[in-house]
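The N6-acetyllysine annotation in Swiss-Prot covers K66, K199, K250. Marked as transit peptide by Swiss-Prot: 1-14.
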Amino acid sequence: MKLLTRAGSFSRFYSLKVAPKVKATAAPAGAPPQPQDLEFTKLPNGLVIASLENYSPVSRIGLFIKAGSRYEDFSNLGTTHLLRLTSSLTTKGASSFKITRGIEAVGGKLSVTATRENMAYTVECLRGDVDILMEFLLNVTTAPEFRRWEVADLQPQLKIDKAVAFQNPQTHVIENLHAAAYRNALANPLYCPDYRIGKVTSEELHYFVQNHFTSARMALIGLGVSHPVLKQVAEQFLNMRGGLGLSGAKANYRGGEIREQNGDSLVHAAFVAESAVAGSAEANAFSVLQHVLGAGPHVKRGSNTTSHLHQAVAKATQQPFDVSAFNASYSDSGLFGIYTISQATAAGDVIKAAYNQVKTIAQGNLSNTDVQAAKNKLKAGYLMSVESSECFLEEVGSQALVAGSYMPPSTVLQQIDSVANADIINAAKKFVSGQKSMAASGNLGHTPFVDEL
């Protein structure tokens, strides 16, 4: 496969085969080409391949893997955080310098992101250079070496990465919220615990990759590439680890509370209960409920005064605040509730007023106008998100890992429209009656404990 000189091959990667050129379909001459339909293939080993030839000047390929932090255990916490930083380390087929310089030379980009469920390795570049980036993507995900000295050099970056992320109090509160809500799996942090920084070893990285980066846990998604060629690459180079890998533990919701007292004048608080599994009809009801209550301002720098939560809290305090509904769905659980930011002295009034507003809906006080407006906001938000190629790639990859298929936007909109008022009221009732979890940070002298709510 071509490198900087356009004359290299995959001979160093796996010496048995030479990778085909990953070229996009040539655009027809004359009239502007029309994007093709999304093509989906599931190989016998469980690997899912999907592609959309949209004739964009930029090609994007993502390898999505069921290997998020939920698959760690108490002995290897922080492994996925370090994995996110190792994409430029030496592999069996390319040195660290070769990867970095090769991507840089063509103006490409290799990024690694992770959620509690999945990891995603994504490359993007001009469509004529996609074969170069594909080689590096395959090297990084299938043939890492994790040399001890290179891994050791990355350890301080864990601390910096975490410190930068935690400059936003919301990041820390959401991390604490999951730790309070679950006993295992989804309780695992996205960022390496402080006591593990400097202790994550190359052996732990190898073990995690060997047992979770298997074909049946992967989905290869491409935009602006040919499906037959992408399928050929997957069959040749992503078929080296069969089986399902290590199965992860089912998330066990318990309910709990984590309070972090500090000197901040603003109190950040998240107050939730267990909701619904991603992709279920009940999860759709919680999504509509989120937009009934208020999921954030729809006018840039707007005051969000049309939000039901905002209106309720505004009657309880004259001090500045922010409030929105919180909603997170996973493959075997979910969290729904309220996120508030307030002055320390008003924290109790803000949280209680927001909670009482959800109780009002649980009692059946819900108009058809509010429901239709919420559905419109939810549908518009979804459609606008998948207009972005980055978000579309992520959406297809996530669906491929969960269901092995793709649900088109038209079907998603139909499911949103099918949510009845009674479904939304039942979702509110489930939150009100459910075992609560809470995380808060700031000057918490006026912040109620979870059992006081």
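Cβ atoms are placed via backbone N, Cα and C, with glycine included.
Where Swiss-Prot records a feature, it is marked here on the structure.
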| residue | record | contacts (Cβ under 8 Å, 6+ apart) |
| --- | --- | --- |
| K66 | N6-acetyllysine | E117, N118, H212, R217, M218, G245, G248, L401 |
| K199 | N6-acetyllysine | none |
| K250 | N6-acetyllysine | A185, D332 |
